[in-house]
Structures are given as C-alpha cells and as structure tokens.
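A.B. asks: Found this in TrEMBL, in case it helps:
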BINDING   E39, A40, V214  FAD binding site
BINDING   Y318  substrate binding site
DOMAIN    20-425  domain 'Amine oxidase'
Amino acid sequence: MAGTIADDRLDVVVIGAGAAGLAAARTLHDAGARVAVVEARPRIGGRIWTERSCGRYPIELGAELIHGAQTSTVELAEAAGLTLDEVDRYNGLRWGAPARPVNELPPDDPARQAIGQARAVWGGLAARYPDGAADRSLADELRYNGLTPAAIAIADVVLAQTCCAEAESLSCLDAAREQRVDRAGPREFRLRERYDTLLAWLARDLDLRLGQPVRAIRDHGDRVTVDTTAGIITARRCIITVPVAVLAAGMIRFDPPLSARKQAAIAAFRTRPATKHFFWFDAPLWDAGFAYAAHNGLFARWWTPAHPDLAAPLLCSYVTAERAAALDRLADETVRELGLAELGQLLGRDDVAAHCVGFRRYRWAADEYARGGYAHLPPGMAWARPVLAAAEGNLHFAGEATAHDSNPQTVHGAIDSGRRAAHECLR
C-alpha cells in the first residue's frame, strides 16, 4: 500500500472500499489526483467478500458472478491477467423437485411455459415502458400478459429473486431503463482466482484507511471534512459509495443536510435481505452437468460455485427477499436441516444429509455496513436512481444503486459508477 497522504493535501476522499470506491480511487490516482479511501470494515471489498479459510475451495460470501462480456469487470480482469470461467445459467437452468433441465421438459410443461413467458415479458419491458410511462410492478405486468398465479410464482424465483426483490415490489420502469442502456451482453463468468484477487489488484498503491467508520461529512464550500472514528480528514471533494441502505439508516450525518429531493431518493430504495448458504459434502451428489437449479421452495436457487477444473463437493443456495427474511430468523442448525431436505428433493435423493460435512451462511441483512443485499426500486420510484447519483456541492455519489447509466445490482455497475464520480471530480 502507498504511504498515507497528509490530509491537508488531499484532493478527494472516497468513503467506502467496495468496487465503486476502489474504482473511483483507482481512476483518480491514475489521473494524478491525491486521494484516500476510508472504509469502516477492516478489509476492502464491501459486499464482495472472498472467504479462503475453506481450504481448496474459496467461496464468495457476497458478489460472485460477472454479468456480461462487455463490462468494466471483464476489462479489469483481463488487465490484471485473471482467468474467466464462463457460466451458462440461462440455458443450464434446471427446475423442479427433482430438478430437470428446462430445455428438456416437454413443450407443454407448465414450468417450461411459465419460464418462457416470464422471460419474454421481461425482455419486452424496454419497448413497453419508455421514459415517463406509467409504472407498474413486475407482478402486475405478468398478470397483464396472462400469466397465472402459479406461473408468476415461478417468475418470482427466476426473475425477481435475482434482483433481491419480490415480483410485487419491482419497478418495470426502472428495469426498462436498465435494458435500454445495457451493453453488457448475456454471457456470465466467474473469476477463477476469485474476486478478492481482482480487488487487491485494483487497490494497489492506494492510500487505504481501514477500520475507520465515518460519522459525519461536512461540506464547507471550499473543502469537505470527514469525521471518522480515527479523526478528521479534509479534502477538496468527497465521493460517497456506501450502500443506499446505510444512507437511509442515517449512519452518516451530513452538514448541511442533503437536499430534500436527495433524501427522498434515498428513502425510495428498498434493500431486502440476501443470504448465501454453503453446503459441503464428502463427495459430489450431483451429475457433472449440474450448474444451476431452482424451484418454489425456501431455498429457491442452487448452484455449484467451484470453477470447472475443481470437482468441488460444494453447493451454494442464494436466498433473497422474503425467503431470506424467513430463514434469517432461524438458528443455523435449523436452516441447515431445512436446506438439506429441499436439496434432497431437488436431487431426488434421500441420503443428502448423511453426506453433508459442513455448512456456513452469511446474512447480509445482519451486516451493519450493508444492511441487506443490493437495492431495488418499487413501482413509481424509477426517478430516484439518477437523483441518487447526482452531485451536491462538493459531494459526489457512487455505488451500484446509483448506476442509472449502467447495470445496477452488479459489480460492473458499481465500478462504472465509481469511475463516473471520479471523472466528475476531475472536471
């Protein structure tokens, strides 16, 4: 790490060392600006957290996938010399209990029809919802297109749950905006070396000040002062990249207060629980083609998180929104038993529990500096994303929730937003 820059010489102080904050600081540093990154946690990454204490199979407790080949994440991974392993969740999806490949189900199978209908409706949102159109929830849009309650329940799993939301609370207008600016493409990848390797490369030579929660930010007009648990930091400008749920909770005080419109935008977002559950086994209990499975249970989505060169006896169930809220209230052993019971149904086996040798979960809703998964906007609130992103005085805002010109809820959306905020400071 680079030496600490004297506070009276800082051009920009960045709050948060997640993907957005590191991307902002990297852009500023490479442009010759004097920048420091202040992070509440004792580590970098934010909602990216690679856990390597599991031996041969490191796991991603937070963000795991790269969503698109034409993304800043791929650009950075290639610059860092990292390896991309392609993941085909779309065509590799299995559904039901026991889970069967969707593309091998009969054409008249209700689940196959529901998934096809839901994907068609989702793919048509950009055309149906131009800017300024009346908004509705994804569930209402699915009903409008004739999907039955049973089909909407399936769509809730394959569409809304991936957005850390329920279909009833997801804005079609905001999704349509994202589709219109989407340049990422449909391909998905994992980093073989894992996300922490990319973040360490991105953070090289930066002035990182970890374990220093920010209590207040004051914009004096000619400078900004940031009050942390370690003291006061002064800079010409400040980039704030903390999750919108942290802003909504009032964990950082602003003087003067943020504008009423900015505060309304912050309040408009919803951040629902998101929890990753990992199950280790003494041997793989699934066939080699198993990659991604879903059903209507509490543990609605499952996948194999290891890269192709490792036949890891490990599965992850990523649970969000109301399902995560229900499971988060239960004890670890109860959650483990429920998860193994559902997995047994997915795999069509009754011996799953006997082969389980380890379990771990991470509840992002219980994380003080995340307070949930990623943010979404309910119907009628699509206006809030660009407002959240707008600068106020010497304060600039980044983070996945601000990515109105990219893909929110993604690592590359966070990176893009950090770069945007950095360029605002360089003007």
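Indices start at 1 and increase along the chain as displayed.
Every residue gets a Cβ built from N, Cα and C, even glycine.
Automatic prediction, not curation, is the source of TrEMBL annotations.
For each feature listed, report its degree of burial, its nearest neighbours and the pertinent distances within the displayed model.
C.D. replies: Listed in sequence order, G211, Q212, P213, V214, Y369 are the same-chain residues six or more apart from A40 (FAD binding site) with CB atoms under 8 A from its CB.
Within 10 Å of the C-beta of Y318 (substrate binding site) there are 22 other C-beta atoms, taking all protein chains into account.
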A.B. asks: What's the CA-CA gap between Y318 (substrate binding site) and E39 (FAD binding site) in angstrom, rounded?
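C.D. replies: Rounded to the nearest whole number, the Cα-Cα distance is 26 Å.
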A.B. asks: Show, in sequence order, which residues other than E39, A40, V214 on the same chain lie with their Cβ within 8 Å of the centre of the Cβ atoms of the FAD site.
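C.D. replies: Here the nearby residues are I15, G16, A17, V38, R41, G211, Q212, P213, T228, V242, Y369.
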A.B. asks: Around V214 (FAD binding site), how many other C-beta atoms are within 10 angstroms of its C-beta?
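C.D. replies: 23, counting other Cβ atoms within 10 Å of V214 (FAD binding site).
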A.B. asks: Which number gives the other C-beta atoms within 10 angstroms of the C-beta of E39 (FAD binding site), all protein chains shown included?
C.D. replies: 27
